[in-house]
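Input: a single structure, listed below in structure tokens.
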Amino acid sequence: MSTATGGLLLVHAHPDDETITTGGTIARYRARGVPVTVVTCTLGEEGEVIGEQWAQLAADRADQLGGYRILELTRALDALDAGPPRFLGGAGRWRDSGMAGTPSAEHPRAFVNSGPEAVEALVEVLLDLRPRVVVGYDPNGGYGHPDHIRAHRVTTEAVRAAAERGWDVPKFYWTVTDADMLRLHTEALARRTAAGLPGALPRGWRLPAADELACVASDTVTTTVDVAEVLAAKRAALRAHATQITVAPSGREFALSNNIAQPVLPEEHYVLVRGRRGPAGPDGREHDLFAGLDGPAT
């Protein structure tokens, strides 16, 4: 029996990725009544844990982090009103492969070694839900993590395969970050810090070096989604991933375990890679992932 939604489906590698890059988009479309499904490929077992409370859960200790991150993902999706988690192949089918060059990639369940089974699992989801919009990663997986790169390949292959088996996804996007917007907000943080103004860099954090945060040239971005009205939901979702993310007291930035400040942007960015581009605004970009599709997004 089909449970087709015609909504938005996003494919992410680990718990927290859905919030960092697309949390505002999820919250915006849910606020408009659009069905949203987040498919997560691993449990994020190899993540570095912030603080001492849950440090013993790490992969090199009790190796229980993945189970706890299911809870964090559940809380984050609840904050975004996106429903319960959905894991590719079922929770625990594939394991976090770790950063490039680490031994964790040799684990028999490492996602980088998932093969055709992962593609088929996602095809089944696409044929079941028949989303009108799918969001995945670019070929570099954003910042080059092996699981992100694998998620890109799995999503791309699954979208193509689903088209041959009855559901041609109308619009397929990559989630990216606009380099100009990232620089604008990072420079604003630097000025606040230098002047000792409210919202300065938290103690122990540092500003990102040039090209340290993943981003793409602004002229490659096709679509901007305004998420300013739902930033409270995105911040709540970021805080839900407490083993991985710290949100600054100002709420304007967050940091991973490396303490590099990343801005919580008022917009999220995409590149349309499959489907017809919809009507554009004065900036030459779409401002709705469903732009140009028949019927409203809500």
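A Cβ is built for glycine as well, from the same backbone N, Cα and C atoms used for every other residue.
Taking Cβ-Cβ distances under 8 Å and a sequence gap of 6 or more within the same chain, the neighbours of Asp17 (Zn(2+) binding site) are Thr40, His148. Look at Swiss-Prot and you will find His14, Asp17, His148 tagged as Zn(2+) binding site.
According to Swiss-Prot, the region 'Disordered' annotation covers 277-298.
In terms of DSSP helix, strand and coil, the region 'Disordered' (277-298) has 0 helix, 1 strand, 21 coil. Long-range C-beta contacts of His14 (Zn(2+) binding site), restricted to its own chain and to partners at least six residues apart, with a cutoff below 8 Å, comprise Thr40, Cys41, Thr42, Leu43, Gly44, Gly47, Arg69, Asp96, Asp147. His148 (Zn(2+) binding site) falls within a helical segment according to DSSP.
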